[in-house]
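One structure is given below, encoded as structure tokens.
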Amino acid sequence: MQAWVIGNWKQNPATSHDVNALLDDLCAAISTTKQMSHDNSARCQIMVAPSLIHLAAVNGRLKDTSILCAAQDVSGHSASVGAYTGECSAQQIVDAGATWTILGHSERRQYHQESNDALLQKMIHALSQDLGVVFCIGESQEQYDTKQTLTVIDNQLVVIKEFITQQPELIDALPTRLIIAYEPVWAIGTGKVPTVAEVSATHKHIKQTLAGFADSLSNMTVLYGGSVNADNANSFAADPMIDGALVGGASLKADSFLTIATAFSQASI
């Protein structure tokens with residue numbers, strides 16, 4: 001299975017100049033990294049998710065590379081146009097050059113109170129425009145401490161089950177247009193990291209749950225996110241249940257981001 005390493009830039013960098021500098025560093029690092037050469041890039045797909053205001057410019061810079069571009073969110077109100085101040089639709093995001101969008105990140109769930117119903121609508125709109133979805137799930141520190149991880153994840157995965165029920169005509173697209181990113185909330189940006197064994201067991205549960213929804217979902221891509229860095233990437237990449245990484249802070253430094261991608265590329269050999 002092809003690995004994926006996705007850089008979620010969040011509300012960074014601050015200026016267009018900084019964005020271009022990061023892209024310069026990233027492209028230069030890729031060109032000099034043997035394991036991430038064009039011949040080997042098929043083993044690990046790299047994607048970055050810039051701020052919306054930089055999306056079109058980043059896509060323009062990356063159009064002649066193998067790096068894909070994603071949005072960090074999409075409107076749940078409409079797939080195309082409408083009187084929704086401050087929103088950006090899936091159609092508009094595709095027009096800006098993105099081929100994927102992140103949905104359900106814990107920061108969106110926390111700061112914008114995004115519910116399963118809201119995320120279902122966003123998923124429907126995204127996939128109706130052939131905008132792939134990186135769907136984030138994960139438990140809080142309290143839920144982890146009280147051993148509720150799998151229960152929480154099952155509740156979050158209900159969005160996928162409901163999508164299949166409501167949009168059966170789109171189910172065939174899911175194996176190639178849906179990626180799950182398991183990000184324990186307590187590990188995001190904290191430096192706290194679950195063991196590889198814990199992540200592997202959780203990923204196995206996620207894969208089995210998805211396979212139970214539909215036969216076509218028996219081999220889904222599941223990434224890990226949460227304080228992934230250059231130092232721990234090899235240990236995660238070595239586990240066959242972990243298909244890649246959703247990277248936050250470490251994606252803002254080209255060298256660290258490429259070290260993570262290289263780890264998964266080598267593990268896919």
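Indices start at 1 and increase along the chain as displayed.
Each residue, glycine too, has its Cβ placed from N, Cα and C.
Look at Swiss-Prot and you will find His105 tagged as active site, electrophile. In sequence order, Asn8, Gln72, Asp73, Cys136, Glu183 constitute the residues six or more apart from His105 (active site, electrophile) in its chain with CB-CB distances below 8 Å. His105 (active site, electrophile) falls within neither a helix nor a strand when secondary structure is assigned with DSSP, and so counts as coil.
Take the CB of Glu183 (active site, proton acceptor) and look out to 10 A: across all protein chains shown you find 25 other CB atoms. Secondary structure from DSSP puts Glu183 (active site, proton acceptor) in coil. For Glu183, the entry in Swiss-Prot reads active site, proton acceptor.
Long-range C-beta contacts of Lys10 (substrate binding site), restricted to its own chain and to partners at least six residues apart, with a cutoff below 8 Å, comprise Ser51, Gln72, Glu107, Gly248. Sequence annotations record features per position, and here Swiss-Prot assigns substrate binding site to Asn8, Trp9, Lys10, Gly189, Ser227, Gly248, Gly249.
The record assigns Asn8, Trp9, Lys10, Gly189, Ser227, Gly248, Gly249 to the substrate site; their largest pairwise CA distance measures 14 Å. Annotation for the binding-site residues Gly189, Gly248, Gly249: lowest Cβ count within 10 Å of the residue's own Cβ, Gly189.
Neighbour counts of Cβ atoms within 10 Å were taken for the binding-site residues Asn8, Ser227; the minimum is at Ser227.
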